Amino acid sequence: MLTNPYALGWGIAFMFFWIVMGAFIESASVPKSSAVYYTASWYGIIALLSTSSFATSIAFMIYYQSGSLPYFMRFSKLTPKYYLFSLYFTMLVTTIIVSIIMGLGVISLFSYHFGETIAPKNWGLFFLDAILAGVFYLPLSLLLEELTIVTTRRLREAISYIPLVLAYLFGLSYTNINLGNLVYYSPFLSIQVLGVQSFFTGSIPLNFNDFKGPTLNVDYVIISAIGWSIVLSFASMLLFRRLYYKSLEEARIV
């Protein structure tokens, strides 16, 4: 996962480009009194987008492995439980490492620009956010790929990019639109706001620019993210049992 050129390009290199833009270009009009909130908001969206890039990468990996899985499970010691466990473990390790890399990038560059150390105040929540991202993105990617495998492979590329597209859609919407309680129902927004919240000891506003409105209930966000992960995991495991081989030739668009 961490050596995949696509994931490294879009998930790390491209994100560092935006970190530099946020730290030195977009921050030109940001007062020092808003430095921490501004930095935290950038980490939230960067963490969301970078982990979603790796979710797309693991979706492609599952797709290319799908043809041989029935044979390995029949003629080797590979079991569905072990395969699923290895996928979850890989995704968790990946999202934690990526979150650390993105966090270090944001902390170092934004701290340098504002002339003060800006870092998460709640490191437990910081790592919990990375774990929840992995636990959510893996079953989502697995379920999407399973749907293409048991139906038609022609839509495979478009479907594989759904996590990335939704991450951009929700991530950018949060910073520009008052989404209200939708924050509690969208797992993408949950990942983003938990990343922002990790930079504070007190609760952040529920909506990005609404400082006089309600504040974020962290427990609700965590429960929502876990709930989505459980539902998607259950659905993907049910469909995983029905996987069967289809020729890769079906992926060609005639």
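Quick reminder: no glycine exception, Cβ is built from N, Cα and C everywhere.
Here is what TrEMBL says about this protein:
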type	residues	note
TRANSMEM	6-25	transmembrane segment
TRANSMEM	37-63	transmembrane segment
TRANSMEM	83-110	transmembrane segment
TRANSMEM	122-138	transmembrane segment
TRANSMEM	158-175	transmembrane segment
TRANSMEM	220-240	transmembrane segment
Closest-packing stretch to the transmembrane segment (220-240), where packing means Cβ pairs under 8 Å, from 6-25, 37-63, 83-110, 122-138, 158-175: 122-138
Winner by Cβ pairs under 8 Å against the transmembrane segment (83-110), considering only 6-25, 37-63, 158-175: 37-63
Beyond the flanks of the transmembrane segment (158-175) by 6 or more, those residues with Cβ under 8 Å of it: 10, 41, 44-45, 48-49, 51-53, 55-56, 59-60, 63, 137, 140-141, 144-145, 147-148, 183, 186, 188-189, 192-193, 207-209
